[in-house]
Amino acid sequence: MESALTARDRVGVQDFVLLENFTSEAAFIENLRKRFKENLIYTYIGSVLVSVNPYKDLEIYTKNHMERYRGVNFYEVSPHIYAVADNSYRSMRTERKDQCILISGESGAGKTEASKKILQYYAVTCPASEQVQTVKDRLLQSNPVLEAFGNAKTLRNDNSSRFGKYMDIQFDFKGAPVGGHIINYLLEKSRVVHQNHGERNFHIFYQMMEGGEEDLLRRLGLERNPQQYQYLVKGNCPKVSSINDRSDWKVVRKALTVIGFNEDEVEELLNIIASVLHLGNVQYGGEDGIACITSDTQIKYLARLLAVNGSVLTEALTHKKIIAKGEELVSPLNLEQASSARDALSKAVYGRTFTWLVNKINASLAYTDDSYKNYSVIGLLDIYGFEVFQNNSFEQFCINYCNEKLQQLFIELTLKSEQDEYEAEGITWEPVQYFNNKIICDLVEEKFKGIISILDEECLRPGDASDLTFLEKLEDIVGGHPHFITHKLADGKTRKVMGREEFRLLHYAGEVNYNINGFLDKNNDLLFRNLKEVMCMSENKILRQCFDREELSDKKRPETAATQFKASLAKLMEILMSKEPSYVRCIKPNDSKQAARFDEVLIRHQVKYLGLMENLRVRRAGFAYRRRYEVFLQRYKSLCPDTWPNWQGKLSDGVSTLVKHLGYKPEEYKLGRSKIFIRFPKTLFATEDALETRKHSLATKLQAGWRGYSQKSKYRKLRTSAITMQACWRGVLARRRAQRRRQAVDTVRRFIKGFIYRHKERCPENEYFLDYVRYSFLMNLHRNLPKNVLDKSWPTPPAALAEASEHLRTLCMQNMVWSYCKKISPEWKHQLEQKMVASEMFKDKKDNYPQSVPKLFVSTRLSKINPIKALKGYKARPRQLLLTGSSAIVTEEGKLKQRIDYAALKGVSVSSLSDGLFVLHVPSDDNKQKGDVVLQSDHVIETLTKLAICGDKVNVININQGSITFTAAQGKEGIIDFTPGSELLVAKAKNGHLSVVSLNNLLFTLASV
């Protein structure tokens, strides 16, 4: 809490006890307003938590927030519902004493949400096992079920609890939740049959009709339209924007399964809920004042759903049975009586089913481990707050009576807690003046003279008892009470605002007028005997448990509703008195359920009836602030030189020294046995302001000291690290040098020994040397491999690797050839193929072949071919030779001169010298031919190679030495003589032969060069 004292101007104080003007209601509300504006919805009054409903989601309920409050001192963190939950849990664990948390406030203030948050906190933070997790799930899932059956939309709250609930959470010795038990108080059964305008019946009716499956509704005889049912139309509010009935139905069905309901139980439960709606639609008619049921449809549904006889039910709804002097008398009912009987049955069925539901949940939460009975308990009381409506009836009377009892308990326990703390610390207790509402509680509950006793007496007496006779009896018996007023007893001014059928009680929270109409009927809460008999005969297992046959044989009149409530309230007070209480007071900021809206008038009213100012006054009657010595000294020791930085003596002496240095006056504080008590908040605030000022100088000193210490420590670490690393590195280097020397010596020794034994067989003495020689050769080979197929270099291998070297050389050459072949293009491949053919035909056979090798063959050389005809003077004429796929064609400037089919080509003759003449031999008997063709080409090797390839005539190429005989036209033969010479010459010799002088091969070679 101290951590937020410096922000008090902006967000107020976290504990109202620290308000300077604690008696001012305006200052109280202003502090609430400041905190509400900053979304700080929680504030303390000592150990009491005040919670303001924000009407919006705040990110303060996450698992991280739960962990923040887990196991932390109550005042060490900001106010929160988790702080109250954790404080109760730790007190239960450490002190082994049962705890209870009392949550109160008017409808819409957030009581139900507060109880949910507490349950969620325990579910997350408490130890868990598989069995414990089941209990946690059932505890959490009991909420949506009870809300569905016990909550409704009212004018003030869309999810208003219409019953009081006290839940015990049972913990084992490990602190894990192992069970639970729920007690319900005063369910508002009248809501089943009547709702004010703008309100709804209980949620379960709308959830079932909106979310139920079609088959389910058909079986139950229901429609989805709530307007079809009399018990749902009176409030004229079937839909609520903030409620999703369809999704809530799914949640409820899942929760019933988790709690342990089987399918048969759920079916029977829903049958009962549907039967209440059908009961509301039962219509009466009749003559002579005798009621009869006008429609059989609803009776058929009711008979099936309630599992009773239809005719017996009809009889019970239109007649009443009275036992007088041992005889049974049955009399018919009039229309008004019949309608009241029907509504009474509806309320009884729903109310008892709700009680059965609570008992069923209790059975599923029961702690079943017989080996350990001594469990601890934390109780949660979520009960209606003080209610003041325009028209207040019997329910508001009971609720406000309950709040009077709780306020009485609250003041007594608060005063007792304060007094016990003062006595434990040895500080004189000063009596506190406060309003003791015992006088109001006695007015309501006193035997024979209290309002409840008078109401019971009026209900039980024979004769024409009515609400008015009850009011008259109140005026006679308690008319002189200072807190009781009626129209008859009031002064003229008060009569103007009071009705004649009202009485006023002056509660601790203010004045409330109660309308007496319906008091007797609601207190009697009677059900005709024959209706009970019908319900007892039901085959529905739930109804059989709700309506016990022993009721029929019990001659004793059942207790009235007020007496039952009074007795259950007395038991509740006993339960609460046996436990250590914690309190949560819930406040509603506005009636319109809007976020960030702060209605001061409404809040002032709630502050009054919650008794918050009274509680604050009791808490501040003595000392506003108290803390244990160690906490106080730890926080403020820096303000005194004698206590800073550490106090070595007794804590009490240290605190005494500190407060004297701070200048506390004797009347401003007291020192107890273990705590310091400070009377005025201004004293604490002055100390806190001095601490804020001191923090700056302390921070500077601490920063300087820390920086110096940090740098020195860093330097020492660096220096030590450097020395260590240097020593280690030097050692590493020395070891490496020594190791290298040892390795070098060993290597030299083995190498020399191996060299000596190099010519011996492999042995341990020479194996290193031999391996080294092999390795050296292989590495040398790796570095000096041939670069291409023409590179014939190869390192000389040692004798031991000669054979391996040859294999490697072959593999290397194959690999280079393979690589080279992979890179050859199709054009170059064709070129090589031609060169291979030329080599095969002419290599070492014709003198001018070597000069043709480096020259590329091309696809055409038409302008370079000159044919020669010997028979006409052997004069050379220009011709073109065309090679096709099937024939060789000789043309002259585009004119066909001669076609020679490859099939008819007998051979090709060429000399071995370096001339360019060649002869194509054709058959002499072929009339189409003009004889052999004598041709001359500057590229004779290329020409003949292409001819051989195209005509597949590689084997018919004849290379002649000296002369070539050919056949001319008309079968004549001719001879060509070849002789070497210094100059190329073609001429006709004297002997008639064609003489060809070829260049000498040597000269030709030199000329080419």
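Note that Cβ sites are derived from N, Cα and C of the backbone, with glycine treated the same way.
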Per TrEMBL record, range annotated region 'Actin-binding' [choices 63-85, 431-453, 569-591, 592-614]: 569-591
Listed in sequence order, residues not in Gly105, Glu106, Ser107, Gly108, Ala109, Gly110, Lys111, Thr112 with Cβ within 8 Å of the centre of the ATP site Cβ atoms: Asn53, Asn157, Ser160, Gly385, Cys586, Lys588
Cβ packing number for Glu106 (ATP binding site), 10 Å threshold: 24
Helix-strand-coil residue split for the region 'Actin-binding' (569-591), DSSP-based: 9 helix, 8 strand, 6 coil
Binding-site residues listed as Ser107, Thr112, least Cβ neighbours within 10 Å: Ser107
Cβ-Cβ neighbours of Gly108 (ATP binding site) (radius 10 Å): 24
Greatest C-beta neighbour count within 10 angstroms, which of the binding-site residues Gly105, Gly110: Gly105
